[in-house]
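A.B. asks: Quick one: this structure, given as structure tokens, is what I'll be asking you about.
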Amino acid sequence: MIGPGSSVLVNTSRNGVKVPRCFVLTVSSLASNPLQLSATADEVPAIINSDPPITNLSQRPVLQPKESIPPEFLYTLRSPQGKVCVRASLGVEYMVRENKKKYYFNVNPSFTRVRGECGSQKSVFSLEFDGGHLEFTFIKEGDLSYAYVGVVNHEKLFKAKNGLSFQCKSQTTLILASYFGVKLVPLQIQAFDLNNEAFGKEVECWDDYNKRMIPIILGAVAAAVCLIAILTYVLVRERRNQGYEQL
């Protein structure tokens, strides 16, 4: 049980589950006091200017017992020459589960800055706030690009062809451990080949595709059923009429 003044090191294992090593959770009070996330991985070597109006990085996130929609913001990562190499529009919400209860906190764009490095085949994009960060590593491989998040490097995320952006209006959930995860909603992100610093044509995520296509498919099925019913009625009626004429 997490209690006042206790800490959970998220670089070990818990109940046999390997936990990401890039976060340390220090909890004073789950309901009202700050949750601190401290990076233990190496710092990203290049510090890049960010576009958000950073005024203060000292406001730490606070765990809340109820979920709320995280504020969406447009973040950009620029090379030392000032060229945008990563562009991301998203809201970020962290989830912590303890004793079958969930607690949340939203990343505040006003107290978040962008750090990272730009490369032709690999770019690192990190959203940093007081006590922690969320990091994406983008890889360009042939005509495709994709991302890893933190140490979750077994799953390719946000896959899109070069010059296109990945978009998901539905909720994107990244499970980092059985008791720790991140929600991104909504999400549009692109690394490499940005034309005039703008998003390329959108690549739709599966959840959005299903939400858009399922009503169309159901409507088509309903229309087909109605058409079959009408045709069946007409054929039966014609057969009955033909039977009367033979008599």
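For all residues, glycine too, the Cβ spot is worked out from N, Cα and C.
According to TrEMBL, the protein has these features:
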- 75-194: domain 'Lysosome-associated membrane glycoprotein 2-like luminal' (DOMAIN)
- Cys168-Cys205: disulfide bond (DISULFID)
- 213-236: transmembrane segment (TRANSMEM)
A.B. asks: Taking 10 A as the limit, how many CB atoms besides its own sit near the CB of Cys205 (disulfide bond)?
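C.D. replies: I count 18 other Cβ atoms within 10 Å of it.
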A.B. asks: What count of other C-beta atoms do you get within 10 angstroms of the C-beta of Cys168 (disulfide bond), across all chains shown?
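C.D. replies: A 10 Å sphere around the Cβ of Cys168 (disulfide bond) contains 22 other Cβ atoms.
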A.B. asks: Quick check on the domain 'Lysosome-associated membrane glycoprotein 2-like luminal' (75-194): DSSP residue counts for helix, strand, coil, in that order please.
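C.D. replies: In the domain 'Lysosome-associated membrane glycoprotein 2-like luminal' (75-194), the DSSP-based counts are 3 helix, 86 strand, 31 coil.
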